[in-house]
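Feature annotations, courtesy of Swiss-Prot:
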ACT_SITE  C108  active site
ACT_SITE  H278  active site
ACT_SITE  N298  active site
DISULFID  C93-C122  disulfide bond
DISULFID  C105-C150  disulfide bond
DISULFID  C141-C207  disulfide bond
DISULFID  C142-C146  disulfide bond
DISULFID  C179-C211  disulfide bond
DISULFID  C187-C198  disulfide bond
CARBOHYD  N192  N-linked glycosylation site
MOD_RES   K220  N6-acetyllysine
SIGNAL    1-17  signal peptide
Amino acid sequence: MWWSLILLSCLLALTSAHDKPSFHPLSDDLINYINKQNTTWQAGRNFYNVDISYLKKLCGTVLGGPKLPGRVAFGEDIDLPETFDAREQWSNCPTIGQIRDQGSCGSCWAFGAVEAISDRTCIHTNGRVNVEVSAEDLLTCCGIQCGDGCNGGYPSGAWSFWTKKGLVSGGVYNSHVGCLPYTIPPCEHHVNGSRPPCTGEGDTPRCNKSCEAGYSPSYKEDKHFGYTSYSVSNSVKEIMAEIYKNGPVEGAFTVFSDFLTYKSGVYKHEAGDMMGGHAIRILGWGVENGVPYWLAANSWNLDWGDNGFFKILRGENHCGIESEIVAGIPRTDQYWGRF
């Protein structure tokens with residue numbers, strides 16, 4: 001009897017795996033198929049003439065990795081609005097509206113973390129500390145605790161590193177903002193552009209514990225620390241409450257090739273093969289045409305999606321989006337002398 005059940009489970013799994021058609025990730029056929037489905041979102045071309053290895057490397061998060069301790073639930077104690085956008089709630093915190101570019105490196109796990117940490121540092125200091133926390137510092141200096149740099153990592157390790165070792169400031173590539181700006185250049189998704197071509201060959205830069213020339217204070221003095229870091233349960237209300245009270249969070253989910261074509265609307269997987277795990281920053285929620293969504297920021301530059309942002313189905317743990325939420329609270333006492 002139990003052999004029959006196992007066989008049935010396998011058959012169902014195989015059937016499910018083939019429910020959705022498969023297309024080349026960069027094909028017009030994939031885009032056209034999605035747009036003919038009368039689904040909740042629209043597809044378009046975000047990438048031209050890039051290596052498939054590059055597309056897969058963009059998805060550099062190891063799903064199901066180490067877990068941080070959970071925080072005490074408080075979602076039932078908060079009256080939550082139907083729609084929320086952290087960019088509007090904390091309009092004095094400019095990093096919330098920023099879109100970064102991870103380049104040819106599987107560093108999404110680091111970007112999702114430093115973006116949310118930057119936002120929360122501003123939020124928890126009432127707008128007094130506006131800092132772009134360095135993805136470079138986290139990517140290159142966290143080590144094995146965070147995974148394998150450009151070859152993929154763990155969001156939980158990123159937040160733990162922030163609380164234990166701290167992170168310096170650092171803006172986007174060639175910005176000369178902060179102690180350690182990002183050293184991996186953006187690459188060209190489009191045919192006629194000035195950026196270098198996108199490949200899957202990016203190596204992890206080495207850890208450099210000194211700020212770029214002309215910047216002060218020193219690397220050690222520039223560190224920003226977290227007071228605590230934790231995981232948030234997959235309860236929709238708890239995730240919403242966390243964002244509403246403390247600011248954007250880092251989330252991770254399984255990317256399928258149709259996500260690469262997202263342009264607008266509420267993303268729901270329709271077609272294509274699995275590309276890998278991907279980390280992003282979730283900054284709000286809402287309802288569009290009756291469909292509940294999470295509002296999120298990607299790290300594939302402004303050319304991708306809806307000016308770098310996207311919406312994804314909320315409430316069904318779609319592609320695992322509600323399974324791996326991590327966050328933390330900044331150590332604000334380190335700034336007291338500055339106010």
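The backbone N, Cα and C atoms fix where each Cβ goes, glycine too.
Mapped onto this structure are the features recorded in Swiss-Prot.
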| residue | record | contacts (Cβ under 8 Å, 6+ apart) |
| --- | --- | --- |
| C105 | disulfide bond | K57, G60, L139, G149, C150, I184, G202, T204 |
| C108 | active site | L58, C59, G60, T61, Q102, H278, A279, I280, S299 |
| C122 | disulfide bond | W90, N92, C93, P94, T95, I96, V129, N130, V131 |
| C141 | disulfide bond | K165, C207, K209 |
| C179 | disulfide bond | S134, D137, V168, S169, G170, C211, E212, Y215, Y219, D222 |
| K220 | N6-acetyllysine | K209 |
Sequence gap of 6 or more, Cβ distance under 8 Å: name the residues on the same chain that satisfy this around C142 (disulfide bond), in order along the sequence.
A110, G153, G157, A158, F161, K165
Work out how many Å separate C198 (disulfide bond) and N298 (active site) at their Cα atoms, rounded off.
17
Cα of N298 (active site) to Cα of C187 (disulfide bond): how many Å, rounded?
15
Per-residue Cβ crowding (10 Å cut-off), top of disulfide-bonded residues C146, C211:
C146
Of C187, C207 (the disulfide-bonded residues), the residue whose Cβ has the fewest other Cβ atoms within 10 Å:
C207
Distance [Cα-Cα, Å, rounded] between C187 (disulfide bond) and C146 (disulfide bond):
24
Over all shown protein chains, what is the count of other CB atoms within 10 A of the CB belonging to C198 (disulfide bond)?
25
Other CB atoms, at most 10 A from the CB of C150 (disulfide bond):
24
